[in-house]
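Asks: According to TrEMBL, the protein has these features:
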- VAL9, GLY10, ILE11, ALA12, SER39, ARG40, ARG41, TYR93: NADP(+) binding site (BINDING)
- CYS277, CYS288: Zn(2+) binding site (BINDING)
- 3-120: domain 'Gfo/Idh/MocA-like oxidoreductase N-terminal' (DOMAIN)
- 128-240: domain 'Biliverdin reductase catalytic' (DOMAIN)
Amino acid sequence: MFGTVVVGVGIAGLARIRDLMNPMPSSPSEHLKLFGFVSRRSFGNINEVKQISLEDALRSKEIHAAFVSTENKSHEETIRMFLEAGKHVLVEYPMALSAKAAHELCEMAEQKDKVLHVEHIELLTEEYKQLKKEVAGKDLVKGTLHFTGSVLDENKTGFPAFSGIARLTWLIDLFGDLTVTSATREKQKDKNYSRMTVHFQTANKKPLTWIEERGPGMRREKKINFCFTSGCLENFPQAPRSAVGLFMQDQNLFAKKLLGQVSKEELAAEKWRILRCLDLAEEIQQHCEQPEKICS
């Protein structure tokens, strides 16, 4: 059994507590035991799970793994603390808000022989799995992925290339390695509006565009337009509802890693994808900030 603690009790943290308290029968998650949660706010107990201090979580010999569900800006520091304390770590994406920090954390986990698992539930949705099947084996001509959503506090979530890394992960997973050809960002501060536009090339020199657009009242939505030699895909394929929740699927994957049930090849491929996306996110941020276009 692996003793666990949940750090941060926002939407994701509460979902983690729920799934740790109710593991799937006969799944790897049955090897996880929740000992408590850590929060800056005072709760006492949540669903009979006790609140413990960060110091106790780091010191406890009963706790072997931490589920980090804090704000993006504090991921790096929290991961570092738990790895230094000899704990395994599951963290919500993005792992860190700089590529350098992410590479350092991965090296640290390897040196300490600990699992550092980054949640990417966007790859686990039935919608995405169906999309990947549709795209498989087709020759891309050009494509666009356009995301819209409500306003984020970038002081907490980081630059849009990091907070929106789920979209970048989709593109890398679908089309392989990408090169940034240009990236710009428009901000209308008076309207609290932001639009980041990134142009990539695939290894076969085919153009891909990623647009991340946020503003007050904008509906959370993804639009695709992927054109192949065989035709264009403009709508997501119909997908059945999964019987297993996304956080539970992710938790099972983490538990499998703890139990040594994931191959070295799979782990290496996942590590490459995560770090490559963070490298690209940083490169995109650098492009956008030289100079940043601000509409007053």
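Any Cβ shown, glycine's included, is placed from N, Cα and C.
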Asks: Give me the Cα-Cα distance between GLY10 (NADP(+) binding site) and CYS288 (Zn(2+) binding site), rounded to a whole Å.
Replies: 30
Asks: Please compare the binding-site residues ARG40, ARG41 by how many other CB atoms fall within 10 Å of each one's CB, and tell me which has the fewest.
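Replies: With the binding-site residues ARG40, ARG41, fewest surrounding Cβ atoms within 10 Å: ARG41.
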Asks: Let's check the environment of SER39 (NADP(+) binding site): how many other CB atoms sit within 10 Å of its CB?
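Replies: The Cβ of SER39 (NADP(+) binding site) has 18 Cβ neighbours within 10 Å.
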Asks: For the binding-site residues listed here, ALA12, TYR93, CYS277, CYS288, which shows the highest count of neighbouring CB atoms within 10 A?
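Replies: Most Cβ neighbours within 10 Å: CYS277.
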Asks: Could you give the Cα-Cα distance between ALA12 (NADP(+) binding site) and CYS277 (Zn(2+) binding site), in whole Å?
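Replies: Distance between the two Cα atoms comes out at 22 Å.
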Asks: For VAL9 (NADP(+) binding site), just count the other CB atoms lying within 10 A of its CB, please.
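Replies: The answer is 22.
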